[in-house]
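Undergrad: Quick one: the structure is below, and I'll ask about it shortly.
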Amino acid sequence: MNWQALVPLIGLLLVIFGAGMWAGKYIKSSNTFMQDYFLGGRSLGGFVLAMTMTATYGSASSFIGGPGTAYTQGLGWVLLAMTQVSTGYFVLMVLGKKFAIVTRKYHALTMVDFLKERYRSKWVVLLSAFSIIIFLFSAMAAQWIGGARLIESLVGIPYTTALFIFALFVLIYVTIGGFRAVALTDAIQGTIMFVGTLILLVATIIAGGGISNIITDLTAENPNLITPYGADGSLTPAYVSSFWILVGVGVVALPQIAVRAMSYKDSRSMHRALIIGTIVVGVIMLNMHLIGVFTRPILPGIEVGDKVMPLIALEVLPNWLAGIVLAAPMAAIMSTVDSLLLLVSSAIVKDVYLNYVEPKASHQRVKRLSIGITAVLGIVVFVMALNPPDLIIWLNLFAFGGLEAAFIWPVVMGLYWKKGNKYGALASMVAGIGLYILSDSFFPKPFGLHSVVMPVVIAFVAYVSVSLGTRKKMLVEEA
Amino acid sequence: MEELNAHDNDSRYKVANREALVGIGLVIFNFVWWFAFAYGLGGKDPSEYTYVFGLPAWFFYSCVLGFIIMAVLVTVVVKKWFAEVSFEKEGEER
């Protein structure tokens, strides 16, 4: 066991834990439990907002590859990863003020609440809540496995023990603290990711004998590593460009991101978050993936991509510093898990239970139920992660693209296009999810594009044509 | 037909709509810059590459400089043109 690396890591986890507990105090004394638990009382300031968004999609990126793939593919993968810089400003500008104002008018606390008020359709609500529950639940299981693997390889304890420690830890601070705890710990985690990748990049460059030296080594090994086309030339411009849809602009429709666009305190916080967010996302993405590429000449022959970050950190940094820096990937995983956990529980309690099962549930009951469901969900995910069923892994592959294909037009057009209606939204969601699963299973790269592109285009056509085609029907219904 | 309140005549929506368009404009600019340098300069044979700070020029201009320019642009746009509006009820017109 590597104590010198372990002590700083544990210390850091304790700080995060403390922050969660502190946030929990707000919940206890709260009169507006739902708003506080699921939305942090709409009181996020600029810095916390920027960091919580970054930490949340900072891990969406590890989903598409991260440093391990950059290690294999070279600079072409860094180019692909940089499509994510746009998420730093795009989400907040596009959902931006309109989403903040409208969701306040609707008293919406979740993305589904917004869809419910906007379309007034039971089916839209149920379909969205179930997509969120199924897709995010699977995405969460995969992240837990990742978190446990990281502890396992770092500390040298068995997988099950590692998973248990990780699960217990995340569960306690999320159940007690709610959204505010998540946002606050995300802020700490985002900061660690930012500083951590910066230190590690510099140390890696020094260890490799300077950038020129590293690039020369890479060229000598395989000139393709320094081209935009990837090690084996498989990264075509069309394919790489289509990641603008998946990780650049489509992120607008991810419920865990959208919910943050209704949590800011005022326009000043939003403006600050825009600037801080853009810088932080860009720096983390650039550093993390460059570290992956630059590790190649220093530590050749790493076969498991997930190990690139831990190995290079232990190689180029003193042990205690490696411990602190390695908290960064750990932080990325935790911050995804905690926000997904909260979202799935809000979909169950708020979107399904309160809407359709027991609309008149008492304040006390809702509070107990929210905390209870969050805890139960965590335990179920824990059990699943012990020995993950194939279905979960399979669904997880679809999670982000599927949610984007489902929600992008109902949310964006719902906000900005007056004529959009519930039939359009339903058609768009069904077409989006259905096509995405079909295309991903049978035609992985239609026209050389990522499989999320076509479903998004067709979901748009479905939204507009069905909305226009059912205008008369809507007028009759509302008259 | 009852107006849905996402589309009533709230004056703040004008500001919001304009800023959303700015976001789309920035993404398009971002994409063009990223694409043009990456494949414009990076499309040749690696032996013909030129280098900036040790990095291949295509990568430096597309990913490093491109990011810095976006960060500066976002800062300027937000500070100069983004309006402060209240998110609470008092801005409502009805």
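Just so it is clear, glycine is given a Cβ too, placed from its N, Cα and C backbone atoms.
Residues or ranges marked as transmembrane segment in TrEMBL: A:6-23, A:44-64, A:76-95, A:157-179, A:191-215, A:235-254, A:274-299, A:319-349, A:369-386, A:392-416, A:423-443, A:449-466 (among others).
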Undergrad: Please identify the stretch among A:157-179, A:191-215, A:319-349, A:423-443, A:449-466 with the greatest number of Cβ pairs below 8 Å relative to the transmembrane segment (A:274-299).
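TA: Of the candidates A:157-179, A:191-215, A:319-349, A:423-443, A:449-466, A:191-215 scores highest.
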Undergrad: Which bits of the chain, at least 6 residues beyond where the transmembrane segment (A:449-466) starts or stops, bring a Cβ under 8 A of a Cβ in it?
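TA: Sequence-remote neighbours of the transmembrane segment (A:449-466) are 238-239, 242-243, 245-246, 250, 401, 404-406, 408-410, 413, 420, 423-433, 435-436, 439-440, 443.
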Undergrad: Hey, which bits of the same chain come close to the transmembrane segment (A:423-443), Cβ under 8 Å, at least six residues off its ends?
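TA: Long-range Cβ neighbours of the transmembrane segment (A:423-443): 115, 119, 121, 123-124, 127-128, 131, 397-398, 401-402, 404-410, 413-414, 451-452, 454-456, 458-460, 462-470, 473-474.
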Undergrad: Which range wins on Cβ pairs under 8 Å with the transmembrane segment (A:157-179): A:191-215, A:235-254, A:319-349, A:369-386?
TA: A:369-386
Undergrad: What parts of the chain pack near the transmembrane segment (A:76-95), using Cβ distances under 8 Å and only residues at least 6 beyond its ends?
TA: 53-54, 57, 61, 64-65, 69-70, 224, 227-231, 235, 240, 243-244, 247-249, 251-252, 257-258, 261, 270, 273-274, 277-282, 285-286, 288-290, 292-293, 411-412, 415
Undergrad: Would you confirm whether the transmembrane segment (A:319-349) and the transmembrane segment (A:369-386) meet the contact rule of 3 or more C-beta pairs below 8 angstroms, pairs 6 or more apart in sequence?
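TA: They do touch: at least three Cβ pairs between the two stretches lie under 8 Å.
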Undergrad: Can you work out which residues elsewhere in the same chain, 6+ from the ends of the transmembrane segment (A:369-386), have a Cβ less than 8 Å from its Cβ atoms?
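TA: 33-34, 37-38, 137, 140-141, 144-145, 148, 160, 163-164, 167, 170-171, 174-176, 178, 341-342, 344-346, 348-349, 353, 361, 392.
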